[in-house]
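Here's the structure, in structure tokens; my notes come after.
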Amino acid sequence: MRVNNLTPQDLKAYGINDVQDIVYNPSYDTLYQEELNPGLEGYERGVLTNLGAVAVDTGIFTGRSPKDKYIVRDDTTRDTLWWSDKGKGKNDNKPLSQETWQHLKGLVTHQLSGKRLFIVDAFCGANADTRLSVRFITEVAWQAHFVKNMFIRPTDEELVGFKPDFIVMNGAKCTNPQWKEQGLNSENFVALNLTERIQLIGGTWYGGEMKKGMFSVMNYLLPLKGIASMHCSANVGEKGDVAVFFGLSGTGKTTLSTDPKRRLIGDDEHGWDDDGVFNFEGGCYAKTIKLSKEAEPEIYHAIRRDALLENVTVREDGTVDFDDGSKTENTRVSYPIYHIDNIVKPVSKAGHATKVIFLTADAFGVLPPVSRLTANQTQYHFLSGFTAKLAGTERGVTEPTPTFSACFGAAFLTLHPTQYAEVLVKRMQAAGAQAYLVNTGWNGTGKRISIKDTRAIIDAILNGSLDNAETFRLPLFDLAIPTELPGVDTHILDPRNTYASPEQWQEKATALAKLFIENFEKYTDTPAGEALVSAGPKL
């Protein structure tokens, strides 16, 4: 076990008193024993699976709680932060008063006082000059395991004199009984204070709150320094060619960037500075619903000792039923990045990106499997951040639900979306990068585009054959589509071919175009936004 001479006395500075014992930066073996301790109850308890990984449940919180997210409004954030408009659903950055913050902080520090605590010191960001040194404090072993997997693990030398830039206090066992009087959403809370540099978590057990909390902080700090902060995966080819994959949850970021032919930089959060693209994280957080060894062998084989499964169904014999979504469709696994064989080592960073891929899972069946974007279309589709989900309705009818999430990650943005677009475009122009829109969703047949076809499309983008292909223009959206690509069924490249008649596509496409136009109106309050309208669909 690594020791940093951290004492209970040191924790008094955070308001945490009478700590019984500190388990500092525990080893994986220690965490394994702690999680499987038969004396644990409820959501603290881990279960051993036949794959060697421990599985835990996070209760009713099987995903993030965006409605319970708050940021303290003070002199630091008042004029810089992208605040939510009450009830307009623009984003989740709801302001919190200093008074309520102090109350929430008191609840969490009281919860952690007098306990045996796990403390993990780690880095967020692979570049030493811009990384955050983060200290995580929790009373739950598997939460310490989660952050050890997901953040960058310091060397023993780096732990000597480790000074945290940010403190995360996870009080999952405490709730806020005064939430109504304080005008909050519920008794649960995920609160950030960018002046005190502290994140507080109460009520929710979902591990991803710690991960995305620090992502929100990086999304605040980096663009103000001219560094792109991106919700994307990234990988690098044998010739050093870097590709980044933007996309919302479930569009294929992790799956498509985990490619045996290319080395993985990271699967979810990256920066892009003067040296190139770098990972914020030290692990991957992959969806496991319907995971199969055949379709996603790298991810399947990463699920072994030291990986941590969340909300999966474990049978009595210890086998995992990856097809069972009864607890949630958002079943997950976190694992240290070195569980993937083909990674960039020793530091998760590479040169400048030349291919920028926007992933969308279009459940309307309108968008083509791939199109090549102009510079203005790149900004338009980045700000739109479109995907669509299939949601079950009463009589078994599935109606697609459109989602527009600025920069393919509105939930984690702390500055105005146009600031991220400007920084990304500058980085792309300097590197001569080209953007593409790839639909990993459905077509007119009602079937999802196969991983095999999507991988062949990605290969064509990365090896340059798509750039050399002849293209035609798709009406309404004015997207440039290749007429043929190696290894891809030519019939599916034009989405109109997958409908009984072109009129059927036209009808659905018109409806989707209207949604795009309506959504983009929120960006037309600036001349830069107004200038991009012509890059979108035209009715």
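Placement of Cβ uses the backbone N, Cα and C atoms for every residue, glycine included.
As written in Swiss-Prot, here are the features:
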- R64, Y206, K212, R332: substrate binding site (BINDING)
- K212, H231, D268: Mn(2+) binding site (BINDING)
- K212, H231, 247-255, E296, R332, 448-449, T454: ATP binding site (BINDING)
Inter-residue Cα distance where the pair is D268 (Mn(2+) binding site) and T251 (ATP binding site), in Å: 12
From R64, Y206, I449: binding-site residues whose CA lies within 10 A of H231 (Mn(2+) binding site): none
G247 (ATP binding site): tally of other CB atoms within 10 A of its CB: 27
Chain-mates of R64, Y206, K212, R332 with C-beta within 8 Å of site centroid, substrate: G63, G207, G208, E209, K211, N330
Residue among binding-site residues R64, D268, R332 with Cα closest to the Cα of K253 (ATP binding site): D268
Sequence-distant neighbours of Y206 (substrate binding site) in its chain (C-beta under 8 A, six or more apart): T58, F61, T62, G63, R64, S65
Local Cβ density at H231 (Mn(2+) binding site) - other Cβ atoms counted within 10 Å: 25
Beyond the site residues K212, H231, D268: chain residues whose C-beta lies within 8 Å of the centroid, for Mn(2+): K211, F215, E269, G409, F412
Rounded Cα-Cα span from D268 (Mn(2+) binding site) to S249 (ATP binding site), Å: 10
Cα-Cα distance, maximum over R64, Y206, K212, R332, record's substrate binders, Å: 15
Minimum Cα separation from K212 (substrate binding site), reported as the residue among binding-site residues T255, D268, I449 that achieves it: D268
